[in-house]
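For reference, the structure discussed in these notes is given below.
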Amino acid sequence: MERKTTRISPDDIAGQRAYCAEIKELNARFDRAPLAYVDTYGCQQNEADSERIRGYLAEMGYAFTQDESEAAVIVINTCAIREHAEQRVLGNVGALTHTKRKNPNQIICLCGCMAQEPHVAEKLRQSFRHVDLVFGPHALWRFPEFLWRIQTRRGRIFETADDPGSIAEGIPVVRQNGIKAWVSIMYGCNNFCSYCIVPYVRGRERSRSPEAILAEVKELAAAGYRDITLLGQNVNSYGRDLEEDIDFADLLKRVNAVPGDFLIRFMTSHPKDAGEKLFDAMASCERVAPVIHLPFQAGNNRVLEAMNRRYTREAYLEKVRALRSRIPDIVLTSDVIVGFPGETTEEFEDTLKVLEEVRFDALFTFIYSPREGTPAARMPDPMSKEEKSANFQRLVDLQNAISLEKHQAYVGKVLRCLVDGEGEDPRNNLTARTAGNRLVHFTGDKALIGAYTDLKITGCSTWALFGEVVE
Ligand code: 5AD
Ligand code: SF4
């Protein structure tokens, strides 16, 4: 599909950075830097967007806090994927009336996918009058301008118009730590799975140029980042909108050639677009971690068709076989939806059969949640909540048993792991990740954080491995 993507010009981004400078001047009147609070819901793409919001805020002279009550600016970056996430956001945003009452100058912003849903924007306009600024993902690059307008004039701003989407390079970034980094390689989704809101709120698929991606990866590698995840709603359609003849497998090879001591991960892959070329590239690129998140959603062909997934159960299983023939110890994770409208318990049992056949290392399981404006929300949905919950429990129980068995197979092995932070359990003060991204708890010197180290796996649970440093 040939399409020209709107690219935000360097001049436009420079204009936004000029607004940052103006706000910084306003902020200079305080004795110490005013504080900003950024809260992120949902997927890694949102985490990556929040890193840009923080980048802009830092350039405006804000420091950061985890306490809403002391913040001069609050930004809530929201997720629309399921009802539950939305309710949580609305509850938490509602509670901010209290912080605003104590501090009437506080500026409250809501951005991300919920802002892009017309019914949510309307609700915020009518019933959440303490929220000053609402903007969707398409308008994120203009955040400094919005904040400046709020600070210098009265009134609220709603920038939530529908848009096929654009690409903005050169927005400053404040990353969460110096070890792991997200790199967006594309935005949006063209797949329109019938249950999913993402294509409506994040616009059409558009790819960043390989040059921009490689420049970012080189910078990260040079700065000592150890774990780089390439992000997109469907990374396997990378490059389709670019003039250059390049696909995701080609991009992986180019990223793999960047010098440095780091592993490359990517997500998410749509099974219909993940094929032998990608699997060959994964097998041949030494930095690409032996792990793939390959959501199958349902195991029954009628349900897959109603979901508009455009693959069959057989085609999915064949891909898994092709992958394992090249990378036998690949770590496989997936997403599953239970209770899609019209799915019977018999059809759901086909999902259990896929679990038994593939034996995923981990599974992200969801009960179907109707999203306004999507085709599935208009489909008859006769199954009771109780029956859906019972099926959900069967799925979780089966996967837990498989996850535990998979983890037990690690016990006794020595694995090179990346120490990524401090753990919450005082008996195991550090956490690490295997190349396949399994979590390992262990005890060691804090100085190890950010380094690769060999860990001997000594035990496990359903959720994690336990290990010790190999001296
Ligand atoms: N209801 C439940 N789960 C959903 N997902 C996407 N949309 C919905 C929905 N309406 C799940 C899919 C997707 C993951 C990110 O969220 O499994 O892969
Ligand atoms: Fe949603 Fe399907 Fe696109 Fe994933 S591929 S974001 S599930 S529409």
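Yeah, the Cβs are placed from backbone N, Cα and C, and that goes for glycine too.
Taken straight from TrEMBL:
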DOMAIN    34-152  domain 'MTTase N-terminal'
BINDING   C43, C79, C113  [4Fe-4S] cluster 1 binding site
DOMAIN    175-405  domain 'Radical SAM core'
BINDING   C189, C193, C196  [4Fe-4S] cluster 2 binding site
DOMAIN    408-471  domain 'TRAM'
Going by DSSP, how much of the domain 'TRAM' (408-471) is helix, how much is strand and how much is coil, in residues?
4 helix, 31 strand, 29 coil
Given a 10 Å Cβ-Cβ cut-off, pick out the one of the binding-site residues C79, C113, C189, C193, C196 that has the most other Cβ atoms nearby.
C113
All-chain count of other Cβ atoms within 10 Å of C43 ([4Fe-4S] cluster 1 binding site):
17
List the residues in the vicinity of the [4Fe-4S] cluster 1 site, defined as same-chain residues other than C43, C79, C113 with C-beta within 8 angstroms of the site's C-beta centre.
Y41, G42, Q45, N46, T78, A80, I81, A85, G112, V198
Per DSSP, three-state class assigned to C196 ([4Fe-4S] cluster 2 binding site):
coil
Report the mean pLDDT of the predicted model across the domain 'Radical SAM core' (175-405), rounded to a whole number.
97
Distance-selected binding-site residues near ligand 2 (C-beta under 6 Å), from C43, C79, C113:
none
Which one is it, among the binding-site residues C189, C193, C196, that lies nearest to C79 ([4Fe-4S] cluster 1 binding site) by Cα separation?
C196
